[in-house]
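Engineer: Got a structure for you, written out below as structure tokens; questions coming shortly.
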Amino acid sequence: EIITPRKRSRAAAHSGARSLGPVFEEQPMNTLYPEESGEEKLTLGCRVRASPPATYRWKVNGTEIDLEGNGRYSLVGGNLVIKHPVRSRDPGSYQCLATNPIGTVISKEAFLRFGYLSQFPTEERDAMRVTEGMGVVLPCNPPPHYPGSSYRWFFNDIPNFLTPSNRLFISQVTGNLYIARTWVNDTGGHSCYLTSQIDYATTSVFSKPIPLASALLASDARQYSPNIKVKFPSEIYVLSGQMVNLECFALGNPEPTLQWRRLDGTMPFKASGTLTEPVLHLPDVQFEDEGTYECLAENSRGKDSVQGRIIVHAQPEWLRIISDEEADIGSDLEWSCAAAGKPRPACRWLRNGLPLTSKGRVEINNCALKILRLVLIDSGIYQCVAGNKHGTIYANAELKVQAFAPEFQSNPVRRLIPAARGGEVMIECRPRSAPKPTVFWSKGTELLSNNSRVSIALDGTLRVRNVSRSDEGRYTCFTENFLGKANSTGTVSIREATKITLAPANADVNLNENITLQCHASHDPTMDLTFTWSVDGSPIDFDRMGQHYRRAVREAIGDLTITHAELRHAGTYMCTAQTVVDSTSAHATLVVRGPPGPAGGVVVKKVNDSSVLLSWSRGSDNHSPIGSYNIQARALLSQEWRNVRTGGCWDLFPTGKGCDTNAILYLYCTSTPERLTPTVAPSSIAGGGGDRHEVAVTWTPVQREYQNGPGFGYVISLRRQGTEQWVTARVAGAESTQYVYRNDTIGPYTPFEVKVKPFNSEGQGPFSQVAIVHSAEEEPSVVPSRVSATSLSSTEMKLSWEAVEQVTRNGILLGYEIRYWRENDNEAAADRVRTLGLETTARVSGLRPHTLYHVEVRAYNSAGTGPPGPSTVITTKKAPPSQPPGKVSWKSIGSWIRIKWDHVKALENESAVAGYKVLYKSDDQSGIKLVETSKNSVQLPMAEDMSYLVEIRASGEGGDGTPTKVRISKHSGEGHPSGIEVKRSFGPPRQPFCWRTRV
């Protein structure tokens with residue numbers, strides 16, 4: 001596996017028609033070549049994307065192939081063609097190397113292996129004689145072959161193939177035939193039959209028969225204990241995700257029975273179906289399946305066992321990879337990669353396809369690479385290679401060491417910088433330069449230096465505090481490195497400061513009432529003014545909190561209205577008025593008055609025969625004076641709290657007066673409750689579901705305080721709706737909540753009338769109200785019809801179908817299940833998507849471009865999925881254009897700017913370019929605007945001091961392609977495609993600039 005991300009630094013966004021190191025688009029794959037194939041040529045694929053185009057070389061087993069001096073090898077593009085492949089000289093590990101002036105990249109290893117199947121020897125095989133009732137092993141001795149094959153045995157003649165059973169076993173490891181105990185009917189010839197499937201061809205060979213003779217009659221057969229002949233290794237190594245097949249078979253009379261178990265844990269559920277078979281299948285083995293497994297063979301004469309430990313390993317897998325880097329000359333480079341695997345992968349590094357070692361400026365510590373004081377010749381293609389004994393993976397990245405004089409063409413100093421009087425202004429200076437330049441500033445002809453009001457940051461940004469009219473003027477940023485100099489100038493314009501003219505005032509409000517906090521401000525008329533509010537330092541989200549907060553939207557007014565105030569709305573509110581150059585704030589405290597909070601620290605101070613002395617601490621009054629206390633209590637056997645009242649078992653009331661924090665409670669209860677029949681019926685009678693021919697009934701148990709005696713349980717009565725005869729059952733246990741009635745005559749989704757009553761040792765209580773409960777559902781029998789599919793894009797389709805009835809004799813439909821699979825896949829491999837409800841349209845995404853899919857729709861309910869409707873086929877549209885628009889240029893035309901780019905040409909496997917989408921925004925605006933055009937140019941309005949961040953992408957019926965991102969100002973210029981992730985010298989805009997695909 002090779003992973004090659006493309007992440008460009010800011011310099012890449014503004015360079016010319018840049019060169020590109022080789023990036024793999026196709027790598028050689030492991031190949032199995034049938035020796036009997038009629039093909040005279042074998043091709044190993046290799047293709048890279050590179051500018052200038054790359055040249056190709058190949059290695060086999062680490063040695064470069066002489067493509068000129070060996071006529072058996074030739075190159076077609078980057079593909080290696082081998083004429084007349086031969087098993088004796090061509091198998092091995094092949095790698096492709098691609099080189100252009102940027103560097104060299106080497107592919108992953110691809111292994112070429114030959115598939116073959118030799119014939120069995122023609123010599124007659126020795127006869128075997130065995131005592132009837134004894135076991136025997138007939139060896140297969142298969143001929144040389146590759147890859148693994150399947151084994152069968154036949155008796156005397158084809159097609160009398162033997163069927164494996166408790167008595168017969170054919171090992172798929174050795175091919176041997178094992179007979180636990182022989183019969184007289186086993187006398188005859190037994191032949192091993194070997195089948196190999198290579199590519200799409202199946203080949204079989206079979207051995208000469210092994211004559212088997214019985215020495216005694218059946219009456220003389222003797223019994224003996226098991227003897228395991230087919231054993232698995234004591235240590236079994238397997239890769240995560242693979243299947244393990246452990247074979248175990250014993251000879252014995254009577255025929256031994258087998259039992260598998262795991263000695264150090266629970267047997268994986270996925271193996272539960274094979275625990276008594278000769279082969280234990282463990283599919284998709286994971287690390288939790290590691291452990292010791294035992295096979296036990298047993299009959300009436302004794303037992304035998306074998307044990308082995310499964311040890312799970314894993315191929316390398318990337319946790320962290322390296323990314324393309326553009327670094328300044330003289331700087332340091334640090335790269336690191338990390339891979340998971342078992343055994344733990346080790347890392348090595350390549351530069352331009354050659355091993356890189358720690359020496360001089362290069363430091364390597366396993367998966368970490370550091371190069372000090374970069375020079376131009378350090379540029380090239382680097383590869384981090386991680387591997388263990390199970391495989392090797394490659395991560396590629398290009399290093400470009402840059403050296404050029406400062407220039408401001410792509411990111412000049414802003415031409416007009418507004419600043420508020422009394423505030424501060426920051427002017428960025430971000431030239432494109434390598435190495436980083438020295439920066440200094442001037443105002444007019446005056447050279448600026450750091451003082452109490454003026455400072456220059458390390459990144460070159462000029463900061464002026466407490467701005468006044470005298471600070472207006474032209475500011476120039478001068479930059480210099482050892483390769484040259486450059487400067488750029490902008491003008492600071494002073495604007496009036498923003499001021500709060502009516503600040504919010506402290507206020508009180510009662511619970512659930514409304515209140516308005518006022519906030520007015522004055523500002524420079526040339527600027528836009530916005531208001532924001534926060535409470536206790538947290539910004540108010542008016543979209544999410546609109547139920548209680550409303551903000552006035554009027555010029556110079558930003559009042560906040562709080563509706564239906566709650567206790568949680570109390571706090572300190574801050575109003576902020578802001579323009580693009582400054583902001584000012586004012587705050588006020590809001591008090592919300594409401595009912596008192598709970599008392600705290602309730603303590604039993606004294607308990608007498610007939611009274612209790614309680615004390616408690618005063619709770620929060622929520623700004624409302626406390627007038628009295630309400631006391632609640634509950635019985636020990638109840639979970640429900642009630643206001644203290646006279647009656648029943650309880651007689652509690654406070655004797656204190658007013659708001660005293662002590663109260664005396666009187667309690668009168670009988671010490672031994674009288675036993676009675678239940679008086680309360682169960683509640684919430686419901687049910688449904690369960691298995692076929694069943695009615696499941698559920699209820700909420702009667703609380704313990706209402707059970708009135710021991711021996712508690714429930715009587716369930718039910719009958720088919722519309723019939724007279726009730727069926728009654730008793731369920732013991734006070735906590736019982738369910739009863740299942742089964743009768744084979746019950747149809748699916750049949751309504752039953754159900755009622756439940758309690759009983760105890762004293763008798764029965766009242767019935768609950770009658771509830772309607774349905775029997776278990778069965779899978780729907782109805783079929784959706786008129787299924788149609790429409791391709792929306794290269795990865796999405798829309799489906800529609802005729803609805804079916806929601807309520808059927810089999811149950812209530814929950815929705816529809818869509819199954820879809822590619823043309824060459826089996827239906828069993830279909831992906832599935834379920835809808836909820838009775839919608840008869842759906843969109844399915846995540847499809848492959850330009851691929852034919854089979855689609856079918858089924859109804860489903862709680863019991864499962866019904867039969868499919870008529871299937872249909874659909875082919876997704878071709879992929880959208882992958883190339884971004886290139887050679888972007890722009891030119892100022894009055895108050896407009898004209899942007900042009902090269903037409904994008906779609907590849908053969910891509911949808912045609914139907915037009916272009918241009919998204920743009922200015923630095924001073926958060927909104928994004930979209931222009932769609934069929935031409936390769938567009939005109940946008942642009943003021944003198946504005947700049948735009950622009951995205952241009954081709955679009956077609958398959959969707960939208962890869963964008964080109966450029967920053968555009970009034971100056972004429974040129975930009976270039978930069979992919980999706982871009983680092984630029986101008987930094988990010990104040991608001992995120994996002995692309996959202998519209999369907």
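Keep in mind that glycine also has a Cβ here, set from the backbone N, Cα and C atoms.
So TrEMBL says this about it:
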COMPBIAS  1-11  compositional bias 'Basic residues'
REGION    1-21  region 'Disordered'
DOMAIN    22-107  domain 'Ig-like'
DOMAIN    121-204  domain 'Ig-like'
DOMAIN    226-311  domain 'Ig-like'
DOMAIN    316-400  domain 'Ig-like'
DOMAIN    406-493  domain 'Ig-like'
DOMAIN    498-591  domain 'Ig-like'
DOMAIN    681-778  domain 'Fibronectin type-III'
DOMAIN    783-879  domain 'Fibronectin type-III'
REGION    864-887  region 'Disordered'
DOMAIN    880-975  domain 'Fibronectin type-III'
Engineer: Which bits of the chain, at least 6 residues beyond where the region 'Disordered' (864-887) starts or stops, bring a Cβ under 8 A of a Cβ in it?
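Structural biologist: Same-chain residues near the region 'Disordered' (864-887) but 6 or more away: 17, 779-785, 787-797, 801, 817, 819, 823, 847-858, 901-907, 909-911, 913, 916, 936, 952-964, 974, 976-979.
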Engineer: Flag the pair the domain 'Ig-like' (22-107) / the domain 'Fibronectin type-III' (681-778) as in contact if three or more Cβ pairs fall under 8 Å (sequence separation 6 or more).
Structural biologist: no
Engineer: With helix taken as DSSP H, G or I, strand as E or B and everything else coil, how many residues of the domain 'Fibronectin type-III' (783-879) land in each class?
Structural biologist: 3 helix, 53 strand, 41 coil
Engineer: Roughly where does the domain 'Fibronectin type-III' (880-975) sit in mean pLDDT, to the nearest integer?
Structural biologist: 83
